[in-house]
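One structure below.
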Amino acid sequence: MTNPAPDAYADPFATPTAPPPPVVPATPPPRQGIAGRELIVHIGWEALLAIATLGAIVLLLNTSSRAGLDTLLSQVAPLGLIGAAMALSLRTGTPNLAVGALAVGAGTIGAELTTEQMPLVGAMAIGVASAVIAALFIGLITAVLSVPTWAVTLGAAALIEAGLLAAFHSKTIVILTEAGGKQPLWFVAFAVLTLAGGAIWLIPGLRRTLSHSRGAVAAGPWAGFRPGIGAIVGLTGSAFLAGLGGVAFTLRLHASPPPGISGTLTLTALAIALLGGVSVFGRRAGVTGTLFAAVLIGTITQLLALEGFASWSNFLVAGGAILIGLVVSRIIESASGPTVPAQV
């Protein structure tokens, strides 16, 4: 006798049971960025930068006299400080596109105050302080609104430029000082600050706290308190370095920075930071890369000037450095692995 189908005796009034949910394989948690591997990648890139920088300096010394090296140091000091400002903002995941405007503002305000019989040190200190205060407001706006820092700083740069043009009418403010002869000291200050900052950034807890905005997954919602702290610290620290760069630039020229140069300074600063191995995605960076990148870009720019190239070559160098830096960022990110966002 043939057995009936299993559902032949099923109760037609019984409540159907839902089929069991499909078994989904467990997804392994994202792995932490491997500090050792990341450090090896940075060391390798910085070694290549050191070799390229040394070769460029040797070529410069063969092309020009000892005065060429002095000119190089005086050129690299302000640009390096502004580049370090950009690097700090990228480390904290808060790219500051107003570093050029903040540098010009600090130098211009300091130069103007010297014409009112204020001591040079006090005048320049007020110029740097004005840049830090402006960045504090920018950081507060970024933290409260939880909006991309690049957008806030770009708008702030335009407002700063407008304020400078309205207040000083594009005039050049000449200062009478012998401080321009101390440019090697400014280069030493840049080297010490960027090396010390790079070493401090190796502390894991500091990196996680100040670069928390890198871990944001969804765009739009308010990010929270910790990313806001990182934005404020990153932007004010960046503004301090940019202000120092603006002061060094002003003392080198013995006059306020030329009107309209802030965009070029920001472009060069971004080139220095990215070529130095600071990740465009934030957080990851080395120790000596910014120093070598600033000297290398300054040396190449000076060599091209000695060969008679026009000023457009400066943009060529900056653009090429940015593109190379993006490739380096991609290599660093791929080699280091994804970063697990910290818990709020």
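Using the three backbone atoms N, Cα and C, a Cβ is placed for every residue, glycine included.
The compositional bias 'Low complexity' annotation in TrEMBL covers 1-16.
The compositional bias 'Pro residues' annotation in TrEMBL covers 17-30.
Summarising the annotation, TrEMBL assigns region 'Disordered' to 1-30.
Here TrEMBL flags 39-60 (among others) as transmembrane segment.
What TrEMBL records for 72-90 (among others) is transmembrane segment. Within its own chain, the transmembrane segment (72-90) is flanked in space by residues 57, 60, 96, 99-100, 102-103, 149, 180, 183-184, 186-187, 189-191, 193-194, 197, 234-235, 237-242, 244-246, 248-249, 252, 265-266, 268-274, 276, 278-280, 282, 285, 290-291, 293-295, 297-299, 301-302, which lie at least six positions past its ends and keep a Cβ under 8 Å from the stretch.
Here TrEMBL flags 96-113 (among others) as transmembrane segment.
Same-chain residues lying 6+ beyond the ends of the transmembrane segment (120-144) with a Cβ under 8 Å from its Cβ atoms: 94, 96, 98, 102-103, 105-114, 152-153, 156, 160, 175, 177, 179, 227-229, 231-236, 238-240, 242-244, 246-247, 250-251. According to TrEMBL, the feature transmembrane segment maps to 120-144 (among others).
Positions annotated as transmembrane segment by TrEMBL: 150-173 (among others). Below 8 angstroms of C-beta separation, residues 95-98, 100-102, 104-105, 108, 111-112, 115, 134, 138, 141-142, 235, 255-256, 258-259, 262, 266 of the same chain, each at least six residues beyond the ends of the transmembrane segment (150-173), sit close to that stretch.
As annotated by TrEMBL, transmembrane segment applies to 185-203 (among others).
A Cβ distance under 8 Å defines the sequence-distant neighbours of the transmembrane segment (229-251), meaning residues of its chain 6+ beyond its ends; these are 77-82, 84-86, 88-89, 91-94, 96, 98-100, 102-108, 110-111, 124, 127-132, 134-136, 138-140, 142-143, 149, 153, 175, 177, 179-180, 182-183, 186, 189, 193, 209-213, 257, 265, 269. Here TrEMBL flags 229-251 (among others) as transmembrane segment.
The transmembrane segment feature in TrEMBL is assigned to 263-281 (among others).
Long-range neighbours of the transmembrane segment (287-306) within the same chain, counting only residues 6 or more positions beyond its ends whose Cβ lies under 8 Å from a Cβ of the stretch, are 42, 45-46, 49-50, 52-53, 56-57, 59-60, 63-64, 68, 71-72, 75-76, 79-80, 83-84, 87, 190-191, 194-195, 198-199, 201-202, 268, 271-273, 275-278, 313-314, 317-318, 321. The annotation transmembrane segment is assigned in TrEMBL to 287-306 (among others).
Per TrEMBL, transmembrane segment is recorded for 313-332 (among others).
Two recorded stretches are said to be in contact when at least 3 C-beta pairs lie under 8 angstroms, sequence spacing 6 or more; the transmembrane segment (96-113) and the transmembrane segment (313-332) fall short of this definition. Counting same-chain residues at least six beyond the ends of the transmembrane segment (313-332), those with a Cβ under 8 angstroms from any Cβ of the stretch are 38, 41-42, 45, 264, 267-268, 270-281, 284, 293, 297, 300-301, 304-305.
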